[in-house]
């Protein structure tokens, strides 16, 4: 009897087992055996299948595949947690100080429409081809290999540098309570903690982020309820606050740079618009998790559809109440003291006179930044893993543990955390600020290339004769929103360093503001020469099949929400 088993590897690293021996065994049973001999033949068949399975599990390709262990509730909360971060808690201070409560509110609403457009573009592509670090892969497939590699490396570097920022900030948050332990010690402690956490299988990361995001959601909803009560007069000896601070000092901020009132206010609003764009970064993180999502074509659209709710509730509503509780001329907004003291959330709580809440809120900030640091390593490692899988980085970076963790990519990402010591060293502040600028603008490039990729994606499927109505998720108002987002993101990238030109030109500030653009161009030109490729793929050469057909063959069975609490969390996530 022939007991050989042929194993064919697909593009996804999945395996198809052609067991010709099994067919021959069954035929042999029918013709020659009965009774005990049937049992013997079936045992032989199972042994062949088991040997094939073992060979499949131990294959080299299997050691390069992450696991689809993130459930729908994990995806929802990771997307939500990416929205509620340090950018929201700390980053809304400068817009409030420069543009005032109304100006800041308008800038966040406007940027909300831009990020909504980006997530719509991402949602349509990532549900069609759900792969790890999807938008760097999409840029490679729909635009060009050079742009895909550049986008991937810029995005990876941005999260590496952000990880260094979070490590330095964690120590500053603890200094709100005590300065007994030096900042450098906290950097080492949290680096070890966050790096080791990312060595566990992704399902544990999903559970951790689910719990942390739940705490952040409850805390933010609690703050909104608390703010509403204070605005209505709870605990206030001089009556309801209402719109008091919109009348005095006013609804519009003092502006910046120009002595002319209207011109200064406009520049202040432009500045707040750029700050809002930085603050919204992280809403695209659902695209990173696509390659590890179970049932991605159900989980990912659901997370994408709720972006509007998250923007309106957690950004706009929070900013609205903060604008009622904190005047734009509050000196704490420009505080150079303890990091968390300049948070408008903390200022509004302290101004209310509640003694216990500042400590509680500081604990929430600590948990939030810890979650952000954990996500920084996760995101960076998956981007680097994806680059390796697509032959854009050394092959060993895509090796994974039995649990599907790309451990070399995790270590290569987390090692950048030691740049946090630049914040501790005297005279290194300028260099650290340059790194932070690379972080912010690299996120803008990712948004820009998501929109460009979606435009090319729509053109490619139309050329193939595929209707967008047949896609797992159809983005709204396309292609208008893709062009809309592309235009304003490109504009923000160009004007985000405008303060370097006024009132006089500052060369150092100019380099700090635009170093990321120079870096992007340098990396792109290097890869363009390396690949010797076209600036853009021809439409007929765009690959929309790789990684897609394997997903279409898989079937996931989602457990139903049986208890009341499960249904509540299902709605929230």
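Using the three backbone atoms N, Cα and C, a Cβ is placed for every residue, glycine included.
Feature annotation from Swiss-Prot assigns compositional bias 'Basic and acidic residues' to 43-65.
What Swiss-Prot lists as region 'Disordered' is 40-66.
Summarising the annotation, Swiss-Prot assigns topological domain 'Cytoplasmic' to 1-73 (among others).
As annotated by Swiss-Prot, topological domain 'Cytoplasmic' applies to 117-153 (among others), with the evidence given as sequence analysis. Residues 66, 283-284, 286-288, 290-293, 296-297, 300-301, 304-305, 307, 382-383, 385-387, 389-390, 392, 445-447, 449-454, 456-457, 460, 468, 471-478, 481-482, 484-485, 489, 520, 523-524, 527-528, 530-531, 533-537, 542-544, 546-548, 551 of the same chain sit 6 or more residues outside the topological domain 'Cytoplasmic' (117-153) yet have a Cβ under 8 Å from a Cβ within it.
Residues or ranges marked as topological domain 'Extracellular' by Swiss-Prot: 175-179 (among others). Mean per-residue pLDDT, taken over the topological domain 'Extracellular' (175-179), amounts to 80.
For 201-209 (among others), the entry in Swiss-Prot reads topological domain 'Cytoplasmic', with the evidence type sequence analysis.
Long-range neighbours of the topological domain 'Extracellular' (231-265) within the same chain, counting only residues 6 or more positions beyond its ends whose Cβ lies under 8 Å from a Cβ of the stretch, are 96-104, 271-272, 321, 323-329, 352-354, 499, 502-503. Per Swiss-Prot, topological domain 'Extracellular' is recorded for 231-265 (among others).
The topological domain 'Cytoplasmic' annotation in Swiss-Prot covers 287-306 (among others).
Broken down with DSSP, the topological domain 'Extracellular' (328-359) shows 19 helix, 0 strand, 13 coil. Residues annotated as topological domain 'Extracellular' in Swiss-Prot: 328-359 (among others).
The annotation topological domain 'Cytoplasmic' is assigned in Swiss-Prot to 381-403 (among others) on the grounds of sequence analysis.
The topological domain 'Extracellular' annotation in Swiss-Prot covers 425-431 (among others).
The feature topological domain 'Cytoplasmic' is assigned by Swiss-Prot to 453-477 (among others), with sequence analysis given as support.
Proximity of distant same-chain residues to the topological domain 'Extracellular' (499-510), defined by a Cβ-Cβ separation under 8 Å and at least 6 residues beyond the stretch ends, is recorded for 256-258, 267, 271, 430. The topological domain 'Extracellular' feature in Swiss-Prot is assigned to 499-510 (among others); the stated evidence is sequence analysis.
Summarising the annotation, Swiss-Prot assigns topological domain 'Cytoplasmic' to 532-573 (among others) and lists sequence analysis as the type of evidence.
The transmembrane segment annotation in Swiss-Prot covers 74-93 (among others) and rests on sequence analysis.
Look at Swiss-Prot and you will find 96-116 (among others) tagged as transmembrane segment. Using a Cβ-Cβ cut-off under 8 Å and counting only residues 6 or more beyond its ends in the same chain, the transmembrane segment (96-116) has close neighbours at 245-246, 250-256, 265, 268-269, 271-273, 275-277, 279-280, 283, 307-308, 311-312, 315-316, 319-320, 322-324, 326, 328-329, 333-334, 344, 447, 481, 484-485, 488-489.
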Dominant neighbour of the transmembrane segment (478-498) in 154-174, 266-286, 360-380, by Cβ pairs under 8 Å:
266-286
For the topological domain 'Cytoplasmic' (453-477), residues assigned helix / strand / coil by DSSP:
15 helix, 0 strand, 10 coil
Winner by Cβ pairs under 8 Å against the transmembrane segment (180-200), considering only 360-380, 404-424, 511-531:
404-424
At a C-beta cut-off of under 8 Å, are there same-chain residues at least 6 beyond the transmembrane segment (360-380) that contact it? List them, or none.
78, 81-82, 84-86, 89, 156, 159-160, 162-163, 166-167, 169-170, 173-174, 176-177, 190, 194-195, 197-198, 205, 208-209, 212-213, 215-216, 219, 223, 285, 288, 340, 343, 345-346, 349, 409-410, 413-414, 416
Quick check on the topological domain 'Cytoplasmic' (381-403): DSSP residue counts for helix, strand, coil, in that order please.
13 helix, 0 strand, 10 coil
Give me the stretch from 154-174, 210-230, 266-286, 307-327, 404-424 with the greatest number of Cβ pairs under 8 Å to the transmembrane segment (511-531).
154-174
